[in-house]
């Protein structure tokens, strides 16, 4: 499970880039995969439209800068979403290692330190 970063993975789930681990089969998985495909299609088409807008605004410097900023922002979002989707198994594996006994709290001193760090985060 993604207990370490529940808010981040909750946002990823709502944005369509992180299917909950418990939905590994069945109708929920199929529907969520369709949702992911729909979201990625929308974001990719928006990036393509921003690219076209950038090409069309070459005569006006202010419009070019604005369109370029939006293009790079949306392209960055697309790349990050694709990266999260394609590296899903590796991310799950890393969190599995963090939940291993070697990384868990074993004494009162470690628990105190862990509690102090959790407050800061």
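Every residue gets a Cβ built from N, Cα and C, even glycine.
The feature transmembrane segment is assigned by TrEMBL to 6-22 (among others). Below 8 angstroms of C-beta separation, residues 29, 32-33, 35-36, 38-40, 81, 84-85, 88, 92 of the same chain, each at least six residues beyond the ends of the transmembrane segment (6-22), sit close to that stretch.
For 34-52 (among others), the entry in TrEMBL reads transmembrane segment. Same-chain neighbours of the transmembrane segment (34-52): 15-17, 19, 67, 70-71, 74-75, 77-78, 81-82, 85, counting only residues six or more beyond its ends whose CB sits under 8 Å from a CB of the stretch.
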